[in-house]
């Protein structure tokens, strides 16, 4: 274990961070009411203002001149800038809850009452020595400002609780300052092991946060994130929250990511001239043109109707020899990933020194060790092509690199494949999802890197195969999907281990009779991941989506894996409800259906499903479910609900709402259990109980964690 770390050396040009402008927290649509909507206070009490003519020059404590500010013209009002609060449940809002937990409710409430929560005690670029007290939800360390400063938090990346560090302030917000890690003075030897780091950009790139942590420790940290999310954001009582299960590990901790989106910026014309380049003169970039980021990663942007978008197609350069002389790199051109704490792109071939570098990591040749090998092999020729053709770009762009299978190797007997013509195929009992994790594809299966947003991407989940467009969403860690599907299967059909509550098995209990789920509804189904992998376990499966292209892709994937399992007539939007009832076109109910829904009629197509015997899988985007969906979910009243989420905070919020609502338990009538079980029981009032919550690690080396929660519907008397 490494006991020392290297500071940013002032004598090394490459070690110097890009200059940062003093800034406040980014605004949002919600404005803080009350006294704190007054004019923005000085970012530091050590700043001194001096006037000369019509301009005001600000100096920091060391006398260094900062950017001059123009005085407002006479006759015009000097508008007061208002502080803006973050959107509820946004990353900034979650960070504020972490700050409240660390500083204490009394200290925070006092600062809010006095209106001092924006009065930062630190100057821009001021260095401080602090002890890290906790890890935030985003994986960054949080420290408390030392005396004699008032209660104030500092967040610093790449550090751990118990470590004493030196940090450099670059931004201040509401009761918190953001800082760069300059040096780890006293490491936490029980947690930190810098010899584990595999990336030479770790400590500067915003992609990974935990490479210095042993993998079991990463899993433990992610478990604690889920615990805190339910404590802070669900609104549930402690007795309503089950013990959070141990995080399910990923089979691969490196070389797992099947999609990356490096990007680059085209600088302003003046910057090009200063570097001796005048070509591409139309490139007057502005901040709005730059790649948008979400949690340090470029946000996926669908191509617009005019074919323009932030994600561009690039030539991977297969026709170029790997031994060819690369083009001369332009000094101003950076191609790579976002720098931590900056709105700038970090060049992935730059020579850098970070505070967390060891000699061992310099031997690794891969540009991004969490990406699959085929993506790393493609990065260099793609970079060379960008350099050669940079004059054709008028704005910055995000590059799409996706790992895709060239040739599917047929799975074992008993599972439908694409290896033979449809006339020779016939449906047969496919593999049980419990066998997904143990299936290994043939070594002859080849992979390639696709860079076109409209290209067909092929991937495998155990023996199941999926195809979808390059720009479409699909989980980026194929290795962990079989364990995820296996866990969801266990969640639906029985207790799920140590995290199960005493309500296990009560999901479909009507009149004391336990009913095994026979029907599955996969909402937010996308390309059909859960519907297709779990299909062998159910009599009927319905995937529901708002996106017509996603429905088409999911239907193709169902036929690819289970020939003849879907209806042959094309289901139109106006036929969807009648098809769901077994009327009109396509009256023969197929084993698997992918049907369109609208925001207000998500479950209209599955009204014939027996509620007590139906399981619903919910897998929404990061923002979670909206009110209309949750109201429809409660109104549908399925016996089991499995909520899969990439944002445990919005999951906790949504489930807190669901657990507080009465649900009509339909039993006995058609559309209830569908087969007469529980006759005479009538319609009972029920409520959902939270049976289990457990994380699964889709993104090793990062702070992100997927969370799976299982709900069971029980009579109110049993709650």
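Cβ atoms here come from the backbone N, Cα and C positions, even for glycine.
Computed from a predicted structure; not experimentally measured.
Per TrEMBL, the features are:
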{"type": "REGION", "residues": "1-91", "note": "region 'Disordered'"}
{"type": "COMPBIAS", "residues": "1-14", "note": "compositional bias 'Polar residues'"}
{"type": "COMPBIAS", "residues": "35-46", "note": "compositional bias 'Low complexity'"}
{"type": "COMPBIAS", "residues": "47-59", "note": "compositional bias 'Polar residues'"}
{"type": "COMPBIAS", "residues": "67-83", "note": "compositional bias 'Basic residues'"}
{"type": "REGION", "residues": "269-293", "note": "region 'Disordered'"}
{"type": "COMPBIAS", "residues": "274-286", "note": "compositional bias 'Low complexity'"}
{"type": "REGION", "residues": "411-435", "note": "region 'Disordered'"}
{"type": "BINDING", "residues": "475, 524, 545, 619", "note": "S-adenosyl-L-methionine binding site"}
{"type": "REGION", "residues": "561-591", "note": "region 'Disordered'"}
{"type": "ACT_SITE", "residues": "646", "note": "active site"}
{"type": "ACT_SITE", "residues": "646", "note": "active site, nucleophile"}
If you count, for each of the binding-site residues 545, 619, the other Cβ atoms lying within 10 Å of its Cβ, which residue has the minimum?
619
Which are the residues of the chain, 475, 524, 545, 619 excluded, whose CB is within 8 A of where the CB atoms of the S-adenosyl-L-methionine site average out, their centroid?
473, 522, 523, 525, 526, 529, 530, 620
Please report how many Å separate the Cα atom of residue 524 (S-adenosyl-L-methionine binding site) from that of the residue listed as 'active site', as a whole number.
13
For residue 475 (S-adenosyl-L-methionine binding site) and residue 646 (active site), what Cα-Cα distance in Å is obtained after rounding to a whole number?
10
Packing count at residue 646 (active site) (other Cβ atoms within 10 Å of its Cβ):
18
Roughly how wide, in whole Å, is the group 475, 524, 545, 619 that binds S-adenosyl-L-methionine, by largest Cα to Cα distance?
17
The residue listed as 'active site' and residue 545 (S-adenosyl-L-methionine binding site), distance between Cα atoms, whole Å:
18
